[in-house]
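Asker: Feature list, courtesy of TrEMBL:
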type	residues	note
COMPBIAS	16-27	compositional bias 'Polar residues'
COMPBIAS	28-37	compositional bias 'Low complexity'
DOMAIN	84-543	domain 'Amino acid permease/ SLC12A'
REGION	1-73	region 'Disordered'
TRANSMEM	87-110	transmembrane segment
TRANSMEM	116-141	transmembrane segment
TRANSMEM	162-189	transmembrane segment
TRANSMEM	195-214	transmembrane segment
TRANSMEM	226-247	transmembrane segment
TRANSMEM	267-291	transmembrane segment
TRANSMEM	312-333	transmembrane segment
TRANSMEM	353-377	transmembrane segment
TRANSMEM	410-429	transmembrane segment
TRANSMEM	441-464	transmembrane segment
TRANSMEM	484-505	transmembrane segment
TRANSMEM	511-531	transmembrane segment
Amino acid sequence: MSTSRRPSRDVIQMDSFKSSPASSIRKGNSFRNNSGDGSDDSTTYSRQEQQGGGSKYLHDDSDLSNDTDGQVGKGLQRNLEARHLTMISLGGTIGTGLFLASGSSIATAGPGYSQVAYSLIGSMVYCFMSSLGEMTTYLPITGSINAYGTRFFDPALGFMLGWVYWFSWSVTLATELVASSLIISYWVPTTQCPGWVWALVFIVVLTSLNLTSVKAYGETEYWLSLIKVLAVFVFVIVGFLYIGGAIGTRVPGEPKPGPEIFDIDPFHGGFVALFSIFLNAGFSFQGAELVGIAAGETKNPRKNVPRAIRQVFWRILMFYVLTILIIGMTIPYDDPDLANKDGSIESSPFTRVFLRAGISVGGDIMNAVILVAVLSAGNSGLYASSRALHTLSQEGNAPKFFGYVNRYGVPVYCVMATALVGCLAFIVSLPQIGQGQAYDWLLALASTTGFVAWLGIAFSHIRFRMAYKAQGRSLNDLPFVSKLYPFGPIYTIVICMIILLGQGYTAFAPFSIKMFLSAYVTLPFIAILYFGNKFWCKTKILKLVDVDLDTGRSFVEHDTEEEEGEKKQTWWRRFVNFLF
């Protein structure tokens, strides 16, 4: 069914994943706004009535996300609900960075500088999440990180961002496996069972989980993330009770828990130390952008994505600010249990707080919760990287077989390929490297590439707005408008560039080849990816008037069943939704 007019905004929504049986997918279809105001889209659509729900969908026949080249299955499926989307983003950021790297940050720069670092990174995260929210609600497509770079600027940029993002989350998966072996060593020393055994067990479990349907993944991640959130709340309560003197006893020879411990040396190491912990802070917040990745598989993304973005940021910021404050007021920065001189993490600062509070059983329970958190973050990493690889294949930037999707909507080969990269965790068994050093290397690599992905989001948003204005479209037609534009993306770009270029300057006094490579090894890799693809494929920077702003575009859908269900929720259910 052809249309020369934009459909009614209160009736239909473009569903870019469920293809109409009667429609075919036409590759290479170019979209051009003829009238200049966004009202005339030369697009062919077909309407499809959703069985059982009565909702109408607008299908874009030129959307390549449905194309599986005749393979089994019909492409990725929109089976994630709003609660799944919120918990996937929230759970992906509560893991190794919070439970393990936070202790290392305080030991390096003190609690004061740690608060500064996490707050600065947190404000930047809010800026790029606002940018990402504006784009994903308008164009809710899978693998949005690299897809937006391809569509709004240059296919070479999308190629680079896609492979960088895949590498970032693949390495993050490996760091979570390294962290799991460190946590297990709290109960079972490595002399009894080497760390690579646990890494092998966990990679098998995570791979099996991600080979199920996306709905099963979302439901599992929801409950795992809920355990982590509850654990953080319990930690905050126990921490304040310990600081107030209601539980636990003071450690002999240490100041009183609270401001006295915090003020021992809150800004330890000066500006050099502050810069050195930015990587830890950045790694801790990685995963917030999962909202954009999962939007392509979420029901009614136009409504659910803005809700998730508004809720997730403030919860994450609250968790990190409070936990860093409590750790800094209960454990001196120079405590050997926080982080030793070699940089290895003997045990989580969360566990140490429980032990200081006199809850010996709580230490074991918290260590188990941390293990769940680490596996959950690794699970999200495997999900995000597999979707990025799938999008690369759809764009022709990765082998074609990675585009295969089974009947459950799972990109099987992408999941398996990413799991193989997770085998990097096996380096924890090498005695010449050691567990702590291996973790530090992987942490640095994942954090650096993560900043590149965030920078790409901010730059894509600037190009999106420029193209949107150049084509004469009105901001009133955007489902979600970033109120921080243009400050937000510019601020994100500046912070990311400062960190990427300056975070390794400590390697020069005195010069350390190991520190230098750890800080800057990814930069030439990024340049090779972008310029190599640009010259090999002869890509060109897109003109603003030629930017495709229609393929995969979403329109308003009134899901009456969901809205009625929200209105009928009990008071305790609304309270739980407010918290989580």
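Using the three backbone atoms N, Cα and C, a Cβ is placed for every residue, glycine included.
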Asker: The domain 'Amino acid permease/ SLC12A' (84-543): mean pLDDT?
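Answerer: Residues in the domain 'Amino acid permease/ SLC12A' (84-543) carry a mean pLDDT of 83 in this prediction.
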Asker: Would you say the transmembrane segment (511-531) and the transmembrane segment (353-377) are touching, if the rule is that at least three C-beta pairs must lie under 8 angstroms and be 6 or more residues apart?
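Answerer: These two stretches do not touch.
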Asker: Determine which residues of the chain contact the transmembrane segment (267-291) at the Cβ level, with the cut-off under 8 Å and only residues 6 or more beyond its ends counted.
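Answerer: Beyond its ends, the transmembrane segment (267-291) has Cβ neighbours at 85, 88-89, 91-93, 95-98, 101-102, 104-105, 108-110, 112-114, 116-118, 120-122, 125, 128-129, 132-133, 136, 145, 168, 172, 175, 305, 308-309, 312-313, 316, 320, 333, 377, 380-381, 383-384, 443-444, 446-448, 450-451, 453-454, 457, 499, 502-503, 505-506.
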Asker: Any chance you could find the range in 162-189, 226-247, 484-505 with the most Cβ pairs under 8 Å to the transmembrane segment (116-141)?
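Answerer: Counting Cβ pairs under 8 Å, the winner is 484-505.
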Asker: Which sequence-distant residues neighbour the transmembrane segment (484-505)? Criterion: at least 6 residues beyond either end, Cβ under 8 Å.
Answerer: 120-121, 123-124, 126-128, 130-131, 134, 275-276, 278-279, 282, 448, 451-452, 454-455, 457-459, 461-462, 465, 515-516, 518-520, 523
Asker: Residues sitting near the transmembrane segment (312-333): Cβ under 8 Å, six or more positions beyond its termini, same chain?
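Answerer: Hits for the transmembrane segment (312-333): 86, 89-90, 93-94, 98, 102-103, 105-107, 110-112, 114-115, 118-119, 122, 125-126, 129, 229, 232, 235-236, 239-240, 242-243, 254-255, 257-259, 261-262, 264-266, 268, 284-285, 288, 291, 349-350, 352-353, 356, 580.
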